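Noted in TrEMBL for the protein shown:
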type	residues	note
DISULFID	Cys35-Cys119	disulfide bond
DISULFID	Cys40-Cys46	disulfide bond
DISULFID	Cys89-Cys95	disulfide bond
SIGNAL	1-26	signal peptide
Amino acid sequence: MIANKLCCTLAFSALLCFGFVALIQAQDKPVTDVCLGCICDAISGCNQTRFCGGGVCGLFRITWAYWADGGKLTLGNESPQSEDAYANCVNDPYCAANTIQNYMTKFGQDCNGDGGVDCYDYAAIHKLGGYGCKGELGYQYQNTLDKCLTNFSPLDVRTSG
């Protein structure tokens with residue numbers, strides 16, 4: 001239990017070191033830095049190894065369709081039509097986070113019927129897509145998300161701000 005909490009804390013701290021706090025400070029970004037960190041922890045354990053497999057890439061496990069719906073962001077002056085544009089972006093923490101912000105701006109909604117849009121909704125949208133977010137998340141994803149949000153609740157994870 002202590003090892004899991006330490007692991008989550010270290011993973012979250014690593015995300016903060018990558019600059020998510022500065023990245024997500026802008027008012028027009030719907031997902032908080034804490035929420036992004038918890039989604040990352042739930043979806044991949046924030047594994048920062050460059051990864052593509054099973055139709056997903058990066059520490060947020062983003063699909064090509066998700067990346068496209070998120071605006072086909074790229075690194076530097078790379079063309080979105082480049083063969084490597086998708087993998088390069090979603091394997092980069094900044095580009096991936098901005099892709100998620102764009103996706104949530106487009107698809108943000110109350111998935112759990114509680115009358116608001118918060119990190120729980122964004123996590124459902126991230127895992128299940130903009131049209132399927134009312135479905136079941138799966139025990140491991142939900143449990144990891146819940147633990148992370150509980151551990152970092154003093155940082156205002158329920159609202160975007």
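Backbone N, Cα and C define each Cβ position, glycine as well.
TrEMBL labels come from automatic prediction, so no person has curated them.
A map of TrEMBL features onto the structure.
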residue: Cys35; record: disulfide bond; Cβ neighbours (10 Å): 30
residue: Cys40; record: disulfide bond; Cβ neighbours (10 Å): 29
residue: Cys46; record: disulfide bond; Cβ neighbours (10 Å): 23
residue: Cys89; record: disulfide bond; Cβ neighbours (10 Å): 25
residue: Cys95; record: disulfide bond; Cβ neighbours (10 Å): 22
residue: Cys119; record: disulfide bond; Cβ neighbours (10 Å): 24
Write down the Cα-Cα distance for Cys40 (disulfide bond) and Cys89 (disulfide bond), rounded and given in Å.
16
Please tell me which one of the disulfide-bonded residues listed here (Cys40, Cys46, Cys95) sits closest to Cys119 (disulfide bond), measuring Cα to Cα?
Cys40
List the Cα distance (Å, whole number) between Cys95 (disulfide bond) and Cys40 (disulfide bond).
14
Do you know offhand how many angstrom separate Cys46 (disulfide bond) and Cys35 (disulfide bond) by C-alpha?
13
